[in-house]
Amino acid sequence: MSGPHTAAAAPNSAGRATVQAVAASSYAVAMIAMFFVYTILPATLRQAGHPPEVVGLVFLAYLPFALRVAWAPLVERWAAGRIARHRTMLRLFLILAVLALLGLLAIDPAGSVWPMLGLSTLVVTLLVTAITASDAYLVATLGAADRQRSAVHQGIAAAAGGTVLGVVILVLGDRGWTTLVIAVAALSLLVALPALVLPDRAAMRAADKAAPQRGGLWAFLVSRLVQRRLAISVFVHGSFGLASGALPILQVDAGLSVGEIGLLSALGANIVGLAASSVVGAGMARFGAWRTLAALCLASVAGFGVPAAAGSAILAWEAVIALTFLVMGTSYAFFVVYRALTLAVCHGERAATQAAALTGIDALISIVAAAAAGAVIAAIGLNGLFAAVTGLVAIGAVVALIVAAGPEVRALLHHPSLEQPQ
């Protein structure tokens, strides 16, 4: 078995396809389970009679996704650079996550919310640990260009998983808690099969000497390449977080029921996300990640500028549906391009920790922005919030255009230490 510093030939096409399928499968499972936790559980608790302030506690289960950098080094240390260990950990935590989902069968939604919150947090923790192992496996076996392509597959798989979950909710949502939990767990296990059963066909890549990690994680985070990505996270994903946080308020104020909101978000919006991920993937293949990001930002400026200027028409149900699709579509598109940009700069023995740090910071920015949406609406109204979203995305567009005009992408993707075996 290859050690952490063993040089090997680049994986062949079969090996690359296996790695891509494993990573995509992992993210699809994560989307199914986490969308269930963040969309269906709150609605279920509300229908069981819990007050809004109690229902809102479920969203704390998202925190492990933002904090996984705390235990990512343990994942890397245990794997010790061995592909077999990356896959073993990935398989283990995916199976444990499915079992934890089944554990929800023992909890009555009408009872105390704390057991539900605790088990939901455990499910998310197990899933993000599996994703961390998947990222380590991905970076250990693929070069920068293949990693960027893998981001597209992950985005499409995540959107497809959310779409299938929407169909399950549509068909089985009224058949009781037990039926729904079993269906979601079975669907998660089915989608996880590629990650669980596909054989390892890829060899360990040589360690990347270009990795900015001499001073540890802090040196990586303050490097110029990473700072550009964090700026994009602040301005673009922060603005999308504001819009996402405003959606539930806007949907309820427009008169949509909980069932209509769930169907709209779980099915329709994920189909839009699937299309957005595909379009962004095609754009990156032709124009590169930074130019595609700039185009996404400019399109978002135009899209969010409409509700900013719409006045009271923003509360029309047609406008709410269109805005829901816009928020979900731009969020999925951002996921794909941001994953591509971050995976390209995460390499070396600490790659999984680097990816976890960037993902965690990005998630925290989005969480804080979403949490602030209510206060922003109270201060400047819904139209004012979307005006702020438009302005922040415009700043992100300027950053992306400046970087796209420089040599960063070409230098990164064609650096011999990233693309050639040593």
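Cβ from N, Cα, C; glycine included.
As the structure is a computational prediction, the values presented were derived from the model and not from experiment.
Under 8 Å from some Cβ of the transmembrane segment (21-42) lie the Cβ atoms of residues 55-56, 58-59, 61-62, 65, 87, 90, 94, 97, 101, 116, 120, 123-124, 127-128, 130-131, 134-135, 137-138, 150, 153-162, 164-165, 169, 180, 184, 187-188, 191-195, 198, 262, 265-266, all in the same chain and six or more residues away from its ends. Taken from TrEMBL, the feature transmembrane segment applies to 21-42 (among others).
Long-range contacts of the transmembrane segment (54-76) within its own chain (CB-CB distance under 8 A, at least 6 residues past either end) are made by residues 34, 37-38, 41-42, 45-46, 89, 113, 116-117, 120-121, 123-125, 128-129, 131-133, 136, 217, 349-353, 355-357, 359-360, 363-364, 367. Per TrEMBL, the feature transmembrane segment maps to 54-76 (among others).
Marked as transmembrane segment by TrEMBL: 88-107 (among others).
Annotated transmembrane segment per TrEMBL: 113-139 (among others), in sequence order.
According to TrEMBL, the transmembrane segment annotation covers 151-171 (among others).
The annotation transmembrane segment is assigned in TrEMBL to 177-198 (among others). If one looks beyond the transmembrane segment (177-198) by at least 6 residues along the same chain, the residues whose Cβ comes under 8 Å of a Cβ in the stretch are 18, 21-22, 24-26, 28-29, 32-33, 36, 40, 44, 90-91, 94-95, 97-98, 101-102, 104-105, 109, 134, 161, 164-165, 168-169.
Listed by sequence, the residues of this chain that lie at least six past the ends of the transmembrane segment (230-249) yet keep a Cβ under 8 A from its Cβ atoms are 221, 261, 293, 297, 300, 304, 323-324, 327, 330-331, 334, 338, 341, 358, 361-362, 365-374, 376-377, 382, 385-386, 388-390, 392-393, 395-396, 399-400. If you look up TrEMBL, you'll see 230-249 (among others) marked as transmembrane segment.
Marked as transmembrane segment by TrEMBL: 261-281 (among others).
Per TrEMBL, the feature transmembrane segment maps to 293-315 (among others).
Under the heading transmembrane segment, TrEMBL lists 321-345 (among others).
Sequence-distant neighbours of the transmembrane segment (357-380) (same chain, 6+ residues past either end, Cβ-Cβ under 8 Å): 62-63, 65-69, 72, 217, 220-221, 226, 229-230, 233-234, 237-246, 249, 338, 342, 346, 387-388. TrEMBL lists 357-380 (among others) with the feature transmembrane segment.
Long-range Cβ contacts of the transmembrane segment (386-405) within its own chain (Cβ-Cβ under 8 Å, at least 6 residues beyond either end) map to 228, 231-232, 235-236, 238-240, 242-243, 246, 288, 290-291, 293-294, 297-298, 300-301, 304-305, 307-309, 314, 376, 380. What TrEMBL records for 386-405 (among others) is transmembrane segment.
Note: the stretches the transmembrane segment (321-345) and the transmembrane segment (88-107) are not in contact (fewer than 3 CB pairs below 8 A, sequence gap of 6 or more). Of the two recorded stretches, the transmembrane segment (113-139) does not lie close to the transmembrane segment (151-171), with fewer than three CB pairs under 8 Å once pairs fewer than 6 apart in sequence are set aside.
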